[in-house]
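In Swiss-Prot this protein carries:
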BINDING   CYS149, CYS152, CYS162, CYS165  Zn(2+) binding site
BINDING   THR348  ATP binding site
DOMAIN    614-713  domain 'tRNA-binding'
REGION    530-564  region 'Disordered'
MOTIF     17-27  motif ''HIGH' region'
MOTIF     345-349  motif ''KMSKS' region'
Amino acid sequence: MADPTSSERLLVTAALPYANGPIHIGHLAGAYLPADLFVRYQRLKGEDVAFICGSDEMGVAILMRAIREDRTPEDIIDTYHPQIRDNFERFGMSFDYYGRTSSETHTETTQDFFRVLDENGGFDLKTDEQLYDPEAEMFLADRFVIGTCPVCGFEEAYGDQCEQCGSSLSPTELENPQSTLTDATPEFKETTHWYLPLGELQPQLEEWIGSHPEWKNNVVGQIQSWFDEGLKGRAITRDVLWGVPVPDDVAERHGLEAEGKVIYVWFDAPIGYISATKEWAAEQGEPDAWTDYWQDEDTRLVHFIGKDNIVFHCLMFPSMLMEHGDYVLPDNVPANEFLNLEGEKLSTSRGWAVWLHEYLDDFADERHAPDLLRYALATTLPETKDADFSWEGFQQRVNGELANVFGNFVHRTLTFAQRYFDGTVPPLEDPSEADRVMLDRMAEVPDTVGAAYEEHRTRDAVFETMALARRGNKYFNDTEPWHTHESDPQACANTIHVSLQVCAALSILFEPVLPSAAATLRERIGLENVRTSTPDDDPAGAVGWEDAGAPLLPAGHPIPSGPDPEPLFQKIDDDTIEAQIEKLRDRAAERDTDPSSTTDMDYEALSDNISFDDFTQLDLRAGTVTTAEPVPDADKLLRLEVDLGFEERQILAGVAEQMAPDDVVGLEVVVVANMAPKEMFGFESQGMVLMAEEPDGTFVPVTTEAEDGSVVR
């Protein structure tokens, strides 16, 4: 445990993964890898950090899987919790503690928290009608019900949230609800629940959010959309069979029965950060030290999550903390967007996913295998908008950057040091302008990279680190030591001296993203006493991030890499990549859902016949798109301005996931011109642009060369 007397402590949490399935690369890119890079950077700075995570083992998602597989919830979580924990460790996640919400400590902590809020008058108690499955004879909470989202029209929205537009929902708000257990149409039945009065807390929440202008725009934009709609009370208890039980004494205080009622998973899950911190402190032999990280104003609390969890970490959990009164509020919630795979939405149900455990097994023989995926994902993080991972892109990152740039620079430097300078650091004498410029650039990089990590621009941080390796390669090429070792031995010595200093800097700067390779590099250059980026105690007098820009290897320092140093990275061959792509396609094909292929696919069935009179009611006009721009808080929509010849129309088109604004401007399209205007996301859509949808879901504009305003018949 770090020094609890430090002037500021840093508590970092990563979203608790549901213990109902394995981890995939979308999870890693959303919350876990950015958190780990941030924490490792902070540890290298010598900060007092507690990095907390754990398995979310309560709630409907666990119960649903247990019902589907005819197993108990306990069996489900006992299967996936150790698998998730172990694969995180194999991947290099450096948690101080990884807990689980089925623990006794968590149950006690959650119930105590619930009890305090109830005693403080922090809940509203309401009796109303909820959806009930008459066949299963149970209330349908959260993901036990599916239906049409009232906000965006997505037809497979869950009872607690629409995963298409991110709207926070309750089951009774769904249109055309259906039980996911029996497919029955639910009926209404009366029940009583505790509600968190988010509406009453909105002014406090708005003031708090407004005090953090440094937060990411995608996070603040989503929060603001909820503020604009007006927050509503949210039920934080459920009538289900699995979860943290409502405390008997609290129920009795209100004349109610606690039996059959549990605390909503999104009330108990973030409390899992607190209970895990308690368990971590107890494990360190300081059971009360958890309060230093949760109840001391000198703590900086940062939540790393995916965008689907913004409402819970930016509104619900802060509301709970405010109502309790004893806890610090989050300092930042740097949520990421979604990661796509090979140009398609990642989908576990369709088999369109890269599972972490499969990657680790398939690439077990590759040198620094976890680092390869860490780097490829870190350069593709969906920080402000959705991003795409492809296996060919992975190969390019490994071969073109890790092997050809970073690895090549290190290998050439070590080889020259062994061959021409007896495996030692040669002295730097009378440095040239190129030598000084390289050292000056090296001195600047720690601050540049550090600022990017601090501002949660992780991709920029990794890019700037690799840029130093690129500059090192260019410097090596420009100074031509293969010539100067004969023509000007001191110039050659200067090149190798400076290059070795850059290698030392890179061995620290690359530590957050490439911990295995960075450690290997430090071994090869004999750089010792470097501060650790893992939860271990810092070595006394350790070299840290702040030292990375200075020369760290004195003249005469031995370089223990050996006369023929092994390349730091291996290149990934084409067959390996093709095997991964084929695995994806084969798995999707088994489920008849391969999104990457348009062959042998069923076309959508024809709609029912309409009369000629019905068709003639459509007023179809030719038009030209003159403007296209994203719609705030609506990932699927572009706002178009279309010239119909006789007037300009504003039209919202659901093509943003496939077409960039620049791809749309200038298109000559067909518009349904007599469609009734519709208000969406603060804009009035005054028509519809016709699109063809191919069997694989790709949109293709229906175009025309007719004059703007011409009738299309």
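Glycine is treated like the rest: Cβ placed from N, Cα and C.
Positions of the features from Swiss-Prot, shown on the structure.
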{"residue": "CYS149", "record": "Zn(2+) binding site", "Cβ neighbours (10 Å)": "22"}
{"residue": "CYS152", "record": "Zn(2+) binding site", "Cβ neighbours (10 Å)": "19"}
{"residue": "CYS162", "record": "Zn(2+) binding site", "Cβ neighbours (10 Å)": "24"}
{"residue": "CYS165", "record": "Zn(2+) binding site", "Cβ neighbours (10 Å)": "21"}
{"residue": "THR348", "record": "ATP binding site", "Cβ neighbours (10 Å)": "12"}
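Counting residues 6+ beyond its ends, the motif ''HIGH' region' (17-27) has Cβ neighbours under 8 Å at 55-57, 59, 61-62, 64-65, 76-77, 80-81, 83-84, 87-88, 100, 306, 338-339, 341, 346, 348, 353-357, 359, 373, 377, 389 in the same chain. On the 0 to 100 pLDDT scale, the motif ''HIGH' region' (17-27) averages 96 in this prediction. Take the mean position of the Cβ atoms of CYS149, CYS152, CYS162, CYS165, the recorded Zn(2+) site; other residues of that chain with a Cβ within 8 Å of it are PRO150, VAL151, GLY153, PHE154, ALA157, GLN164, GLY166, SER167.
The residue listed as 'ATP binding site' has none of the binding-site residues CYS149, CYS152, CYS162, CYS165 nearby, counting only those with a Cα within 10 angstroms of its own Cα. Residue counts of the motif ''HIGH' region' (17-27) by helix, strand and coil are 3 helix, 2 strand, 6 coil (DSSP-based).
Across the range of the motif ''KMSKS' region' (345-349), the DSSP-based residue counts are 0 helix, 2 strand, 3 coil.
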